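TrEMBL has this to say about the protein:
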{"type": "TRANSMEM", "residues": "A:7-24", "note": "transmembrane segment"}
{"type": "DOMAIN", "residues": "A:60-240", "note": "domain 'ABC transmembrane type-1'"}
{"type": "TRANSMEM", "residues": "A:64-86", "note": "transmembrane segment"}
{"type": "TRANSMEM", "residues": "A:98-118", "note": "transmembrane segment"}
{"type": "TRANSMEM", "residues": "A:124-142", "note": "transmembrane segment"}
{"type": "TRANSMEM", "residues": "A:189-210", "note": "transmembrane segment"}
{"type": "TRANSMEM", "residues": "A:222-242", "note": "transmembrane segment"}
Amino acid sequence: MDRLTRYLYTVASIVTLLALWYAGGVTLPEVVPGLPETYTALVVVLTTPGPYDHMFYFHVWKTIQMLFASLIVSMIAGTLLGVALGRSETLESTLATWVYAWLAIPSLVIVFVSAIWIGFDASSGYFAIPLVITPFVGLNMWEGARNLDDDLAEMAEFFGAGRVQTFTDIIIPQLAPFLFASFRSALSIGWKITLLVEAFLLTRGVGFMFRRYFDQYDLPTMMSWLIIFVVFLIVVEYGVLAPLHERVMEWRPDAEGVRVTE
Amino acid sequence: MTAAEEATVASENGDESGETLELRNIVKTFQKPGQGQILVLDEVDLDVEAGAFISLLGPSGCGKTTLMNVVSGLIEPDGGTMRRGGRDVSPDDLSLGYIFQEPRLLNWKTVAGNIEFALEARDVPEAEWDERIERYLEMVNLADEGDNYPTRLSGGMKQRVAIARALATEPEIMLMDEPFSSLDEITARDLRQELLDIWNREEKTILFVTHDINEAVFLSDYIYMMNTDGEMFARRDIDIDRPRQYDDPDIAQREAELYKEFHEQVVD
(Lines of atoms letter the chains of each structure in order from A; the text may use other names.)
(Lines give C-alpha, C1' and ligand atoms only; values in the text may rest on other atoms or scores of the structure.)
Protein backbone atom coordinates (compact mmCIF):
# COMPACT_ATOMS: atom_id res chain seq x y z
CA MET A 1 0.00 0.00 0.00
CA ASP A 2 1.39 3.40 -0.86
CA ARG A 3 1.57 6.30 1.54
CA LEU A 4 -1.52 8.12 0.31
CA THR A 5 -3.76 5.04 0.52
CA ARG A 6 -2.54 4.31 4.05
CA TYR A 7 -3.21 7.91 5.03
CA LEU A 8 -6.71 7.74 3.56
CA TYR A 9 -7.51 4.58 5.51
CA THR A 10 -6.36 6.25 8.73
CA VAL A 11 -8.53 9.30 8.08
CA ALA A 12 -11.49 7.08 7.17
CA SER A 13 -11.16 5.14 10.42
CA ILE A 14 -11.11 8.35 12.49
CA VAL A 15 -14.17 9.72 10.68
CA THR A 16 -16.03 6.42 11.18
CA LEU A 17 -15.21 6.40 14.89
CA LEU A 18 -16.44 9.99 15.31
CA ALA A 19 -19.67 9.16 13.45
CA LEU A 20 -20.28 6.08 15.62
CA TRP A 21 -19.55 8.12 18.71
CA TYR A 22 -21.99 10.82 17.66
CA ALA A 23 -24.71 8.26 16.91
CA GLY A 24 -24.03 6.53 20.26
CA GLY A 25 -24.27 9.83 22.13
CA VAL A 26 -27.66 10.54 20.54
CA THR A 27 -29.19 7.08 21.11
CA LEU A 28 -27.67 6.24 24.53
CA PRO A 29 -27.10 9.61 26.23
CA GLU A 30 -26.82 8.12 29.75
CA VAL A 31 -23.94 5.85 28.76
CA VAL A 32 -22.03 7.54 25.96
CA PRO A 33 -20.97 11.17 26.48
CA GLY A 34 -22.22 13.14 23.50
CA LEU A 35 -19.71 14.28 20.92
CA PRO A 36 -20.68 17.99 21.08
CA GLU A 37 -20.73 17.93 24.92
CA THR A 38 -17.31 16.31 24.98
CA TYR A 39 -15.98 18.92 22.58
CA THR A 40 -17.28 21.71 24.81
CA ALA A 41 -15.80 20.04 27.91
CA LEU A 42 -12.48 19.59 26.11
CA VAL A 43 -12.35 23.30 25.26
CA VAL A 44 -13.06 24.15 28.89
CA VAL A 45 -10.35 21.77 30.15
CA LEU A 46 -7.84 23.17 27.68
CA THR A 47 -8.55 26.84 28.35
CA THR A 48 -9.52 27.29 32.01
CA PRO A 49 -7.69 26.43 35.23
CA GLY A 50 -9.16 23.45 37.08
CA PRO A 51 -8.90 22.41 40.73
CA TYR A 52 -6.16 24.14 42.77
CA ASP A 53 -5.91 26.66 39.95
CA HIS A 54 -3.81 24.36 37.75
CA MET A 55 -4.05 24.35 33.98
CA PHE A 56 -4.37 21.03 32.15
CA TYR A 57 -0.69 20.93 31.20
CA PHE A 58 0.31 20.97 34.86
CA HIS A 59 -1.55 17.69 35.40
CA VAL A 60 -0.36 16.19 32.15
CA TRP A 61 3.22 17.15 33.00
CA LYS A 62 2.97 15.59 36.47
CA THR A 63 1.67 12.37 34.97
CA ILE A 64 4.36 12.33 32.30
CA GLN A 65 7.02 12.98 34.90
CA MET A 66 5.98 10.05 37.03
CA LEU A 67 5.40 7.78 34.05
CA PHE A 68 8.72 8.45 32.30
CA ALA A 69 10.84 8.42 35.45
CA SER A 70 9.34 5.00 36.19
CA LEU A 71 9.92 3.86 32.61
CA ILE A 72 13.60 4.77 32.76
CA VAL A 73 14.08 2.90 36.03
CA SER A 74 12.14 -0.13 34.74
CA MET A 75 13.94 -0.26 31.42
CA ILE A 76 17.31 -0.34 33.14
CA ALA A 77 16.31 -2.76 35.89
CA GLY A 78 14.27 -4.97 33.54
CA THR A 79 17.05 -5.16 30.94
CA LEU A 80 19.61 -6.14 33.56
CA LEU A 81 17.22 -8.72 34.96
CA GLY A 82 16.29 -10.12 31.55
CA VAL A 83 19.86 -10.33 30.25
CA ALA A 84 20.97 -11.97 33.51
CA LEU A 85 18.20 -14.55 33.19
CA GLY A 86 18.86 -15.15 29.50
CA ARG A 87 22.61 -15.58 29.83
CA SER A 88 22.94 -17.54 33.07
CA GLU A 89 21.28 -20.90 33.48
CA THR A 90 21.88 -20.76 37.22
CA LEU A 91 20.06 -17.47 37.60
CA GLU A 92 17.34 -18.66 35.26
CA SER A 93 16.58 -21.74 37.30
CA THR A 94 16.83 -19.79 40.57
CA LEU A 95 14.73 -16.80 39.61
CA ALA A 96 12.32 -17.83 36.84
CA THR A 97 9.54 -18.92 39.21
CA TRP A 98 9.77 -15.67 41.13
CA VAL A 99 9.58 -13.57 38.01
CA TYR A 100 6.34 -15.31 37.07
CA ALA A 101 5.07 -14.91 40.63
CA TRP A 102 5.96 -11.23 40.46
CA LEU A 103 4.04 -10.89 37.19
CA ALA A 104 1.02 -12.50 38.83
CA ILE A 105 0.70 -9.88 41.59
CA PRO A 106 -2.16 -7.55 40.62
CA SER A 107 -0.99 -3.98 40.04
CA LEU A 108 -3.76 -2.74 42.31
CA VAL A 109 -2.33 -4.72 45.20
CA ILE A 110 1.13 -3.28 44.59
CA VAL A 111 -0.32 0.25 44.56
CA PHE A 112 -2.26 -0.29 47.80
CA VAL A 113 0.65 -1.93 49.58
CA SER A 114 2.96 0.91 48.50
CA ALA A 115 0.50 3.41 49.99
CA ILE A 116 0.51 1.55 53.30
CA TRP A 117 4.29 1.22 53.33
CA ILE A 118 5.23 4.65 52.05
CA GLY A 119 2.20 6.90 52.37
CA PHE A 120 -0.25 8.85 50.30
CA ASP A 121 2.24 10.86 48.27
CA ALA A 122 4.19 10.76 45.03
CA SER A 123 6.96 8.57 46.48
CA SER A 124 4.52 5.67 46.56
CA GLY A 125 4.00 6.13 42.85
CA TYR A 126 7.73 6.21 42.15
CA PHE A 127 7.98 2.96 44.08
CA ALA A 128 4.90 1.15 42.82
CA ILE A 129 5.02 1.90 39.10
CA PRO A 130 8.54 0.59 38.40
CA LEU A 131 7.69 -2.41 40.57
CA VAL A 132 4.75 -3.22 38.32
CA ILE A 133 6.46 -2.62 34.95
CA THR A 134 9.93 -4.07 35.55
CA PRO A 135 8.96 -7.77 35.21
CA PHE A 136 7.27 -7.09 31.87
CA VAL A 137 10.46 -5.49 30.56
CA GLY A 138 12.45 -8.33 32.13
CA LEU A 139 10.33 -10.96 30.40
CA ASN A 140 10.85 -9.34 27.01
CA MET A 141 14.59 -8.87 27.43
CA TRP A 142 14.91 -12.41 28.76
CA GLU A 143 13.55 -13.68 25.47
CA GLY A 144 15.93 -11.36 23.60
CA ALA A 145 18.96 -12.44 25.59
CA ARG A 146 18.11 -16.11 25.07
CA ASN A 147 18.14 -15.58 21.31
CA LEU A 148 21.56 -13.94 21.11
CA ASP A 149 23.51 -15.47 18.25
CA ASP A 150 26.41 -17.59 19.54
CA ASP A 151 27.94 -17.76 16.07
CA LEU A 152 28.34 -13.99 15.97
CA ALA A 153 29.82 -14.03 19.46
CA GLU A 154 32.33 -16.64 18.29
CA MET A 155 33.17 -14.54 15.24
CA ALA A 156 33.76 -11.50 17.46
CA GLU A 157 35.89 -13.58 19.82
CA PHE A 158 37.96 -14.89 16.94
CA PHE A 159 38.73 -11.42 15.60
CA GLY A 160 39.60 -10.34 19.13
CA ALA A 161 36.83 -7.82 19.76
CA GLY A 162 36.95 -6.36 23.26
CA ARG A 163 34.07 -6.22 25.73
CA VAL A 164 32.96 -2.74 24.73
CA GLN A 165 33.03 -3.45 21.01
CA THR A 166 31.23 -6.75 21.47
CA PHE A 167 28.56 -5.05 23.56
CA THR A 168 27.92 -2.11 21.24
CA ASP A 169 28.29 -3.87 17.89
CA ILE A 170 27.05 -7.40 18.63
CA ILE A 171 24.81 -7.48 21.72
CA ILE A 172 22.90 -4.18 21.62
CA PRO A 173 21.86 -4.41 17.94
CA GLN A 174 20.45 -7.89 18.56
CA LEU A 175 18.55 -6.65 21.61
CA ALA A 176 17.28 -3.49 19.89
CA PRO A 177 13.96 -4.95 18.65
CA PHE A 178 13.32 -6.32 22.14
CA LEU A 179 14.16 -2.95 23.70
CA PHE A 180 11.55 -1.31 21.49
CA ALA A 181 8.95 -3.95 22.24
CA SER A 182 9.73 -3.65 25.96
CA PHE A 183 9.45 0.10 25.94
CA ARG A 184 6.14 0.01 24.12
CA SER A 185 4.57 -2.49 26.48
CA ALA A 186 6.09 -0.70 29.50
CA LEU A 187 4.62 2.57 28.25
CA SER A 188 1.13 1.17 27.76
CA ILE A 189 1.11 -0.71 31.09
CA GLY A 190 2.91 2.09 32.92
CA TRP A 191 0.48 4.82 32.07
CA LYS A 192 -2.44 2.74 33.35
CA ILE A 193 -0.69 2.18 36.67
CA THR A 194 0.26 5.84 36.86
CA LEU A 195 -3.43 6.72 36.56
CA LEU A 196 -4.30 4.22 39.28
CA VAL A 197 -1.74 5.75 41.62
CA GLU A 198 -2.93 9.26 40.88
CA ALA A 199 -6.60 8.33 41.21
CA PHE A 200 -6.19 6.56 44.54
CA LEU A 201 -3.34 8.36 46.25
CA LEU A 202 -2.65 11.80 44.81
CA THR A 203 -4.26 15.18 44.22
CA ARG A 204 -2.70 16.03 40.89
CA GLY A 205 -2.16 14.41 37.51
CA VAL A 206 -4.46 12.98 34.87
CA GLY A 207 -5.55 10.09 37.11
CA PHE A 208 -6.64 12.49 39.83
CA MET A 209 -8.73 14.42 37.29
CA PHE A 210 -10.49 11.21 36.23
CA ARG A 211 -11.26 10.46 39.85
CA ARG A 212 -12.52 13.97 40.49
CA TYR A 213 -14.90 14.04 37.51
CA PHE A 214 -15.94 10.47 38.20
CA ASP A 215 -17.08 11.67 41.64
CA GLN A 216 -19.10 14.37 39.89
CA TYR A 217 -20.37 11.85 37.35
CA ASP A 218 -19.13 14.18 34.59
CA LEU A 219 -18.62 11.86 31.64
CA PRO A 220 -17.78 14.47 28.96
CA THR A 221 -14.91 15.91 31.04
CA MET A 222 -13.54 12.43 31.81
CA MET A 223 -13.67 11.78 28.10
CA SER A 224 -11.75 15.00 27.42
CA TRP A 225 -8.95 13.94 29.72
CA LEU A 226 -8.84 10.56 28.08
CA ILE A 227 -8.54 12.22 24.68
CA ILE A 228 -5.73 14.50 25.88
CA PHE A 229 -3.64 11.61 27.12
CA VAL A 230 -4.36 9.23 24.27
CA VAL A 231 -3.36 11.98 21.84
CA PHE A 232 -0.14 12.42 23.80
CA LEU A 233 0.64 8.69 23.61
CA ILE A 234 -0.07 8.59 19.89
CA VAL A 235 2.28 11.54 19.39
CA VAL A 236 4.97 9.67 21.33
CA GLU A 237 4.45 6.59 19.17
CA TYR A 238 4.36 8.26 15.76
CA GLY A 239 6.57 11.21 16.59
CA VAL A 240 9.34 9.47 18.51
CA LEU A 241 9.18 5.68 18.72
CA ALA A 242 8.24 4.78 15.16
CA PRO A 243 10.83 7.08 13.48
CA LEU A 244 13.49 5.94 15.94
CA HIS A 245 12.58 2.30 15.34
CA GLU A 246 12.76 2.84 11.60
CA ARG A 247 16.17 4.44 11.93
CA VAL A 248 17.60 1.72 14.11
CA MET A 249 16.14 -1.01 11.90
CA GLU A 250 17.28 0.67 8.68
CA TRP A 251 19.31 -2.40 7.74
CA ARG A 252 16.28 -4.64 7.46
CA PRO A 253 15.33 -5.36 3.84
CA ASP A 254 11.70 -4.40 4.51
CA ALA A 255 12.65 -1.32 6.49
CA GLU A 256 10.66 1.05 4.29
CA GLY A 257 7.74 2.01 6.49
CA VAL A 258 8.21 0.00 9.67
CA ARG A 259 4.69 -0.69 10.80
CA VAL A 260 3.47 0.49 14.16
CA THR A 261 2.09 -2.59 15.82
CA GLU A 262 1.28 -1.66 19.39
CA MET B 1 57.97 -24.50 -8.01
CA THR B 2 54.94 -24.98 -5.81
CA ALA B 3 53.75 -22.38 -3.37
CA ALA B 4 54.95 -24.58 -0.53
CA GLU B 5 58.46 -24.68 -1.95
CA GLU B 6 58.48 -20.97 -2.48
CA ALA B 7 57.57 -20.47 1.15
CA THR B 8 60.40 -22.75 2.21
CA VAL B 9 62.79 -20.52 0.28
CA ALA B 10 61.32 -17.47 1.99
CA SER B 11 61.92 -19.01 5.39
CA GLU B 12 65.65 -19.20 4.80
CA ASN B 13 66.12 -15.54 5.59
CA GLY B 14 65.13 -16.20 9.20
CA ASP B 15 61.48 -15.31 8.80
CA GLU B 16 59.69 -17.72 11.10
CA SER B 17 56.34 -17.18 9.38
CA GLY B 18 57.67 -19.20 6.45
CA GLU B 19 58.03 -22.29 8.62
CA THR B 20 55.60 -25.17 8.77
CA LEU B 21 53.11 -25.12 11.61
CA GLU B 22 53.24 -28.55 13.21
CA LEU B 23 50.46 -29.95 15.38
CA ARG B 24 51.27 -33.17 17.14
CA ASN B 25 49.17 -35.63 19.15
CA ILE B 26 46.23 -33.27 19.49
CA VAL B 27 43.57 -34.79 21.75
CA LYS B 28 40.15 -33.35 22.44
CA THR B 29 37.19 -34.87 24.23
CA PHE B 30 33.79 -33.35 24.72
CA GLN B 31 31.22 -34.05 27.38
CA LYS B 32 27.96 -34.86 25.64
CA PRO B 33 24.77 -35.04 27.66
CA GLY B 34 23.63 -38.65 27.88
CA GLN B 35 26.62 -40.04 25.97
CA GLY B 36 29.44 -39.31 28.39
CA GLN B 37 32.89 -38.52 27.06
CA ILE B 38 33.22 -38.34 23.29
CA LEU B 39 36.69 -38.52 21.79
CA VAL B 40 36.65 -35.99 18.94
CA LEU B 41 40.35 -35.80 18.16
CA ASP B 42 42.45 -38.90 18.79
CA GLU B 43 46.15 -37.95 18.80
CA VAL B 44 45.93 -36.09 15.54
CA ASP B 45 48.96 -34.72 13.65
CA LEU B 46 48.72 -31.89 11.16
CA ASP B 47 51.34 -30.01 9.14
CA VAL B 48 50.33 -26.62 7.84
CA GLU B 49 53.04 -25.80 5.30
CA ALA B 50 53.46 -22.13 4.57
CA GLY B 51 51.85 -21.10 1.31
CA ALA B 52 50.07 -24.40 0.81
CA PHE B 53 46.40 -25.12 0.23
CA ILE B 54 45.51 -27.84 2.70
CA SER B 55 42.16 -29.55 3.10
CA LEU B 56 40.78 -31.45 6.07
CA LEU B 57 38.42 -33.96 4.53
CA GLY B 58 35.98 -36.22 6.31
CA PRO B 59 32.35 -37.06 6.91
CA SER B 60 30.12 -34.81 8.98
CA GLY B 61 30.84 -34.87 12.68
CA CYS B 62 34.38 -36.22 12.37
CA GLY B 63 36.09 -33.39 14.23
CA LYS B 64 37.46 -31.42 11.27
CA THR B 65 36.03 -28.17 12.56
CA THR B 66 37.23 -28.97 16.07
CA LEU B 67 40.75 -29.45 14.77
CA MET B 68 40.59 -26.15 12.92
CA ASN B 69 39.30 -24.44 16.04
CA VAL B 70 42.29 -25.76 17.92
CA VAL B 71 44.43 -23.87 15.40
CA SER B 72 42.17 -20.81 15.68
CA GLY B 73 42.31 -20.78 19.47
CA LEU B 74 38.54 -21.01 19.84
CA ILE B 75 38.99 -24.48 21.35
CA GLU B 76 41.59 -25.45 23.91
CA PRO B 77 42.87 -29.01 23.23
CA ASP B 78 43.17 -31.51 26.10
CA GLY B 79 46.62 -32.53 24.92
CA GLY B 80 49.19 -32.16 22.17
CA THR B 81 51.61 -29.56 20.94
CA MET B 82 51.67 -26.83 18.35
CA ARG B 83 55.14 -25.87 17.16
CA ARG B 84 56.68 -23.78 14.46
CA GLY B 85 60.34 -23.39 13.60
CA GLY B 86 61.25 -25.56 16.58
CA ARG B 87 59.37 -23.42 19.08
CA ASP B 88 56.03 -23.84 20.85
CA VAL B 89 53.42 -21.43 19.55
CA SER B 90 49.91 -20.57 20.64
CA PRO B 91 47.10 -19.40 18.33
CA ASP B 92 47.75 -15.85 19.58
CA ASP B 93 51.18 -15.96 17.97
CA LEU B 94 49.71 -16.79 14.57
CA SER B 95 48.28 -14.40 12.05
CA LEU B 96 44.92 -15.94 11.24
CA GLY B 97 41.77 -15.16 9.28
CA TYR B 98 38.59 -17.18 9.63
CA ILE B 99 35.82 -17.77 7.11
CA PHE B 100 32.97 -19.64 8.69
CA GLN B 101 30.43 -21.94 7.12
CA GLU B 102 27.87 -19.16 7.40
CA PRO B 103 28.94 -15.61 6.50
CA ARG B 104 28.37 -14.46 10.11
CA LEU B 105 28.00 -10.84 9.08
CA LEU B 106 26.52 -8.11 11.22
CA ASN B 107 23.29 -7.38 9.37
CA TRP B 108 22.97 -3.98 11.05
CA LYS B 109 26.26 -2.76 9.61
CA THR B 110 27.07 -2.00 6.00
CA VAL B 111 29.45 -4.22 4.07
CA ALA B 112 32.24 -1.72 4.76
CA GLY B 113 31.12 -1.51 8.40
CA ASN B 114 31.48 -5.27 8.74
CA ILE B 115 35.06 -5.10 7.57
CA GLU B 116 35.68 -2.17 9.91
CA PHE B 117 34.42 -4.33 12.75
CA ALA B 118 37.22 -6.84 12.15
CA LEU B 119 39.83 -4.11 11.62
CA GLU B 120 38.84 -2.41 14.87
CA ALA B 121 38.88 -5.73 16.73
CA ARG B 122 42.36 -6.39 15.37
CA ASP B 123 43.56 -2.89 16.37
CA VAL B 124 44.42 -1.92 12.81
CA PRO B 125 45.09 1.86 12.75
CA GLU B 126 42.02 3.72 11.56
CA ALA B 127 44.03 5.55 8.91
CA GLU B 128 44.41 2.27 7.00
CA TRP B 129 40.77 1.22 7.05
CA ASP B 130 39.48 2.90 3.91
CA GLU B 131 42.35 1.70 1.80
CA ARG B 132 42.05 -1.88 3.02
CA ILE B 133 38.27 -1.97 2.62
CA GLU B 134 38.55 -0.73 -0.93
CA ARG B 135 41.36 -3.09 -1.80
CA TYR B 136 39.76 -6.25 -0.46
CA LEU B 137 36.23 -5.53 -1.61
CA GLU B 138 37.66 -5.08 -5.05
CA MET B 139 39.52 -8.37 -4.68
CA VAL B 140 36.24 -10.23 -4.10
CA ASN B 141 34.48 -8.24 -6.86
CA LEU B 142 32.25 -6.24 -4.52
CA ALA B 143 33.83 -2.83 -5.05
CA ASP B 144 30.44 -1.11 -5.37
CA GLU B 145 28.74 -2.73 -2.40
CA GLY B 146 30.57 -1.05 0.48
CA ASP B 147 27.57 1.05 1.51
CA ASN B 148 25.04 -1.73 1.04
CA TYR B 149 23.61 -3.85 3.83
CA PRO B 150 24.28 -7.62 3.91
CA THR B 151 20.54 -8.35 4.03
CA ARG B 152 20.30 -7.02 0.49
CA LEU B 153 23.01 -9.34 -0.85
CA SER B 154 22.78 -12.90 -2.18
CA GLY B 155 24.29 -15.84 -0.29
CA GLY B 156 27.34 -15.90 -2.54
CA MET B 157 27.91 -12.17 -2.15
CA LYS B 158 27.64 -12.44 1.64
CA GLN B 159 30.29 -15.13 1.66
CA ARG B 160 32.49 -12.88 -0.49
CA VAL B 161 32.11 -10.17 2.15
CA ALA B 162 33.17 -12.70 4.78
CA ILE B 163 36.22 -13.52 2.68
CA ALA B 164 37.03 -9.82 2.27
CA ARG B 165 36.64 -9.35 6.03
CA ALA B 166 39.14 -12.12 6.71
CA LEU B 167 41.54 -10.88 4.03
CA ALA B 168 41.37 -7.31 5.30
CA THR B 169 43.06 -8.30 8.54
CA GLU B 170 45.90 -9.48 6.25
CA PRO B 171 46.36 -12.88 7.85
CA GLU B 172 49.07 -15.29 6.91
CA ILE B 173 46.86 -18.35 7.34
CA MET B 174 43.22 -18.40 6.28
CA LEU B 175 41.01 -20.89 8.05
CA MET B 176 37.94 -21.85 6.03
CA ASP B 177 35.19 -24.05 7.41
CA GLU B 178 33.07 -25.46 4.57
CA PRO B 179 32.61 -21.90 3.31
CA PHE B 180 30.85 -22.86 0.09
CA SER B 181 28.71 -25.76 1.30
CA SER B 182 25.51 -23.75 1.58
CA LEU B 183 25.84 -22.12 -1.85
CA ASP B 184 24.46 -23.39 -5.12
CA GLU B 185 27.02 -25.27 -7.18
CA ILE B 186 27.39 -22.59 -9.88
CA THR B 187 28.13 -19.86 -7.35
CA ALA B 188 30.36 -22.20 -5.39
CA ARG B 189 32.45 -23.01 -8.48
CA ASP B 190 32.93 -19.34 -9.27
CA LEU B 191 33.99 -18.65 -5.71
CA ARG B 192 36.41 -21.59 -5.62
CA GLN B 193 38.07 -20.29 -8.74
CA GLU B 194 38.31 -16.79 -7.30
CA LEU B 195 39.63 -18.16 -4.05
CA LEU B 196 42.42 -19.99 -5.89
CA ASP B 197 43.29 -16.77 -7.74
CA ILE B 198 43.50 -14.84 -4.48
CA TRP B 199 45.46 -17.60 -2.78
CA ASN B 200 47.92 -17.64 -5.65
CA ARG B 201 48.30 -13.87 -5.90
CA GLU B 202 48.37 -13.02 -2.19
CA GLU B 203 50.54 -16.01 -1.24
CA LYS B 204 48.30 -17.07 1.62
CA THR B 205 48.28 -20.36 3.43
CA ILE B 206 44.80 -21.87 3.45
CA LEU B 207 43.47 -24.54 5.77
CA PHE B 208 40.18 -25.66 4.33
CA VAL B 209 37.60 -27.93 5.94
CA THR B 210 35.24 -29.81 3.65
CA HIS B 211 33.27 -33.04 3.31
CA ASP B 212 33.24 -32.71 -0.47
CA ILE B 213 35.97 -34.91 -2.01
CA ASN B 214 35.74 -33.22 -5.39
CA GLU B 215 36.12 -29.78 -3.84
CA ALA B 216 39.11 -30.93 -1.81
CA VAL B 217 40.86 -32.47 -4.83
CA PHE B 218 40.19 -29.45 -7.03
CA LEU B 219 41.54 -26.97 -4.47
CA SER B 220 44.28 -28.63 -2.46
CA ASP B 221 47.98 -29.26 -2.53
CA TYR B 222 47.46 -32.01 0.01
CA ILE B 223 44.57 -33.47 1.90
CA TYR B 224 44.22 -34.85 5.41
CA MET B 225 41.56 -37.51 5.74
CA MET B 226 39.66 -38.06 8.96
CA ASN B 227 37.14 -40.67 10.08
CA THR B 228 34.32 -40.47 12.57
CA ASP B 229 36.45 -41.95 15.37
CA GLY B 230 38.44 -38.74 15.50
CA GLU B 231 41.43 -40.33 13.77
CA MET B 232 43.46 -38.75 11.01
CA PHE B 233 44.05 -41.85 8.89
CA ALA B 234 45.87 -40.50 5.85
CA ARG B 235 47.62 -37.60 4.20
CA ARG B 236 47.39 -37.56 0.42
CA ASP B 237 49.13 -35.20 -1.99
CA ILE B 238 47.31 -33.93 -5.05
CA ASP B 239 49.94 -33.66 -7.77
CA ILE B 240 47.79 -32.21 -10.47
CA ASP B 241 49.10 -29.16 -12.33
CA ARG B 242 47.48 -25.82 -11.74
CA PRO B 243 45.41 -24.13 -13.04
CA ARG B 244 43.10 -27.12 -12.74
CA GLN B 245 39.92 -27.76 -14.69
CA TYR B 246 36.79 -29.23 -13.18
CA ASP B 247 36.42 -31.70 -16.03
CA ASP B 248 40.04 -32.85 -15.87
CA PRO B 249 39.99 -36.69 -15.82
CA ASP B 250 42.93 -36.64 -13.38
CA ILE B 251 40.73 -34.93 -10.83
CA ALA B 252 37.95 -37.46 -11.32
CA GLN B 253 40.41 -40.30 -10.96
CA ARG B 254 42.01 -38.91 -7.78
CA GLU B 255 38.56 -38.31 -6.38
CA ALA B 256 37.63 -41.95 -7.04
CA GLU B 257 40.80 -43.17 -5.32
CA LEU B 258 40.18 -41.07 -2.24
CA TYR B 259 36.56 -42.13 -2.11
CA LYS B 260 37.67 -45.76 -2.14
CA GLU B 261 39.99 -45.13 0.77
CA PHE B 262 37.20 -43.50 2.74
CA HIS B 263 34.86 -46.31 1.95
CA GLU B 264 37.34 -48.90 3.20
CA GLN B 265 37.75 -46.93 6.43
CA VAL B 266 34.01 -46.96 7.02
CA VAL B 267 33.69 -50.69 6.25
CA ASP B 268 36.54 -51.62 8.62
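Backbone N, Cα and C define each Cβ position, glycine as well.
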If you count Cβ pairs under 8 Å, which stretch among A:64-86, A:98-118, A:189-210, A:222-242 touches the transmembrane segment (A:124-142) the most?
A:64-86
With Cβ distances under 8 Å as the criterion, find the stretch in A:7-24, A:64-86, A:189-210 that has the most pairs with the transmembrane segment (A:98-118).
A:189-210
Residues of the parent chain within Cβ reach of the transmembrane segment (A:222-242), under 8 Å, 6 or more residues beyond its termini:
33, 38, 41-42, 44-46, 56, 60, 63-64, 180, 183-184, 187-188, 191, 206, 209-210, 213-214, 258, 260
Close approaches to the transmembrane segment (A:189-210) from elsewhere in its chain (Cβ under 8 angstroms; 6 or more beyond its ends):
50-52, 54, 58-60, 62-63, 66-67, 70-71, 74, 107-108, 111-112, 114-115, 120-122, 124-125, 128-129, 132-133, 136, 221-222, 225-226, 228-229, 233
